[in-house]
Amino acid sequence: MMNWSDSLSRRLAERRGTSLWRSRQVHQGTDGRLLSAPEGQYLNFSSNDYLGLSRHPEIIAAWQQGAGQYGVGSGGSGHVTGYTTAHYLLEQQLAEWLEYPRALLFISGYAANQGVIAALMEKDDRIIADRLSHASLMEAAMHSPAQFRRFLHNDSGSLRQHLAKACAGKTLVVTEGVFSMDGDCAPLEAIAQQAKITKSGLMVDDAHGIGIMGDEGRGSCWAQNVKPEILVVTFGKAFGLSGAAVLCNEQTAEYLIQYARHLIYSTTMPAAQAVALSEAVRQVRAGNALRNALQNNIRYFRHEAQHLPFELMASETAIQPLIIGDNARCIALSHSLKQKRVWVKAILPPTVPSDSARLRITLTASHTKQDIDALLEALDGSDC
Ligand SMILES: Cc1ncc(COP(=O)(O)O)c(C=O)c1O
């Protein structure tokens, strides 16, 4: 029998020295634009703080006020003592804004996706997900006793073929609104139509669309006039904080309160965070100027990046990946940018499909034209 440490050593040795080795870097703080490290400041083009709200003074003040009122921790699961007026009001505010009967808060988008799929999907059921869906969705589907199938990326014809096959139980169709690694948008109308025809449920993870797309930033579904049975929104990106909410009808909400283990057995987010999130929702709703600034930056980057020796993807969103392909070259490019004080993380398989390593550039409302020029210049001069 292999001992504990030998087993871990073997797995680490398999990975060490390969381009798949992951590491974290300590820094002193970041916003949607700059990242401070001991050696100096970087232009940050890897942040999901799309509207620059992580440093918004009114959101910070709301968190401080909430901490003064409620303390810094919630003290338990929402099913025990963790559910305060602040959580309740935030859920009401989200449900009203997004026009759903109910909203349920989760500690993160990862927990929301895992919790919803684990609770809803049973043995004879079926999950059909876009093959490029986020790891939190794919893993939940893989661990589910339900049958799991993947349809071709953004291809409603491929979804239709899967749906045409018989299934004894219920079917859940899963997709993202804006794809996190490609930046492209799902054809939600066509997908929702397929789901409706076959009486399937639709779950949309709009982590990267909420706050950005649609009127008042109501997200990808609103922008495409689609109302999925389950809408997951996360607060770690355009809202500048963290956490998530599931929007759904009364019945689904009650079901999740009974069966979603990530709600029942996990300490809920601090009430102070819920107070801050309520302020963030107000800022997002009133954030047209920020959304316009972001759109201008996206247009400017795409226009100016055409001459670069890299393939631009068909993305009109804040996520503007440059496909490099080879892992080692992608890492070398990311290092070369870093030497020029530009922070762009290399994203490698298995996070993305093999041979599609990429520099995942994210633009925010806080970047200036000069920042984008500096990025373009650094990319142009990269000789890897
Ligand atoms: C599409 C998508 N869904 C879910 C998540 C997980 O959300 P959270 O960071 O709140 O756990 C992410 C995070 O990166 C994401 O990109």
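Placement of Cβ uses the backbone N, Cα and C atoms for every residue, glycine included.
Together with His134, Thr351, the substrate site in TrEMBL holds one more listed residue from Arg22, Arg24, Arg33, which is Arg22. According to TrEMBL, the residue from Ser133, Ser180, Ser266 that belongs to the pyridoxal 5'-phosphate site alongside Gly109, Tyr110, His208, Thr234 is Ser180.
Taking each of the binding-site residues Ser180, Thr234, Thr351 in turn and counting other Cβ atoms within 10 Å of its Cβ gives the largest count for Thr234. Here is what falls inside 10 Å of the CA of His134 (substrate binding site) among the recorded positions Tyr110, Ser180, His208, Thr234, Lys237: Tyr110, Ser180. In this structure the C-alpha atoms belonging to Lys237 (N6-(pyridoxal phosphate)lysine) and His208 (pyridoxal 5'-phosphate binding site) are separated by 7 Å.
Selection of the binding-site residues Arg22, Gly109, Tyr110, His134, Ser180, Thr351 by a Cβ distance under 6 Å from ligand 1 yields, in sequence order, Gly109, Tyr110, His134, Ser180. Distance between Cα atoms for Thr351 (substrate binding site) and His208 (pyridoxal 5'-phosphate binding site): 16 Å, as a whole number.
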